[in-house]
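All remarks here apply to the structure that follows.
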Amino acid sequence: MRKQRGLLIVLSGPSGVGKGTVRKELFSQPNTNYEYSISMTTRLPREGEVDEVDYFFKTRNEFEELIEQDQLLEWAEFVGNYYGTPLEYVNKMRDAGRDVFLEIEVQGAAQVRAKVPDGLFIFLAPPSLTDLETRLIGRGTETDDVIASRLQAARQELEMMNLYDYVVENDLVEHACERINAIIIAEHCKRERVEKRYFDMLKENA
Ligand SMILES: Nc1ncnc2c1ncn2[C@@H]1O[C@H](COP(=O)(O)OP(=O)(O)OP(=O)(O)O)[C@@H](O)[C@H]1O
Ligand SMILES: Nc1nc2c(ncn2[C@@H]2O[C@H](COP(=O)(O)O)[C@@H](O)[C@H]2O)c(=O)[nH]1
């Protein structure tokens, strides 16, 4: 049987909803077939963040060169900084049969939707805007001004959730992970069934 190309799984949602927390929990579970695509950003590293682990930290000039050279699958400017996904890594991993996770904001997710229509698009939603604010403040990584800008952006981002294949509420991390794992398993089963039907059909007509 031919090896299936890996899924492109886009996990999006407002800043502070818990995308990173949920993704790290998913990756810590045994027997997963997931790869995380480390993004490029012009944001300065937070305390404890490591270059090439959390992000590839770039200057604005370096980032703009990557855009010019078409090296990004998608990119966006979010609250004053560039963020983008390296194209080559995603293709290499998917060709090797690995499921690749992107953890990105909604403008970038919309670009991926246009370029990779067979991607799996999951919107992670907070239980409420108050919870979102509590989480952003509680993380303690941004100034009050940046938190206010991110919460402002969140209102528009939440309006885009109906464009996704699935909306998963991040009430409890373990519940969100269970839901996401179930969605991915179901997606693989669906694709295997469709692929098998086509192979059978081609064999019959050979
Ligand atoms: N289900 C949850 N319940 C309570 N707190 C949570 C939950 N999920 C995440 N958090 C907390 O919320 C804060 C933000 O989480 P995290 O950094 O994972 O969000 P994010 O969506 O990746 O943010 P960003 O988009 O800015 O990178 C963290 O302090 C995290 O511990
Ligand atoms: N469009 C993209 N958005 C990205 C990418 N990597 C991260 N992000 C999102 O940006 C915001 C802010 O991130 P932070 O680390 O500064 O809190 C958040 O929603 C991230 O998910 C990317 O490659 N492309």
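Glycine too: its Cβ is placed from the backbone N, Cα and C atoms.
Per-residue confidence over the domain 'Guanylate kinase-like' (6-185) averages 97 (mean pLDDT, predicted model). The domain 'Guanylate kinase-like' feature in TrEMBL is assigned to 6-185.
In the three-state DSSP classification, G20 (ATP binding site) falls within a helix. Feature annotation from TrEMBL assigns ATP binding site to G13, P14, S15, G16, V17, G18, K19, G20.
Taking the mean position of the Cβ atoms of G13, P14, S15, G16, V17, G18, K19, G20 as the ATP site, the remaining same-chain residues with a Cβ inside 8 Å of that point are L124, P126, L132, R135, N170.
Its Cβ taken as reference, V17 (ATP binding site) is surrounded by 27 other Cβ atoms within 10 Å in the chains shown.
Same-chain residues at least 6 positions away in sequence with a Cβ under 8 Å from that of G13 (ATP binding site) are, in sequence order, K19, V106, F123, L124, A125, P126, E157, M161, N170.
For the binding-site residues given as P14, G16, G18, G20, the lowest number of other CB atoms within 10 Å of the residue's CB is seen at G20. There are 23 other CB atoms within 10 A of the CB of K19 (ATP binding site), with all protein chains counted.
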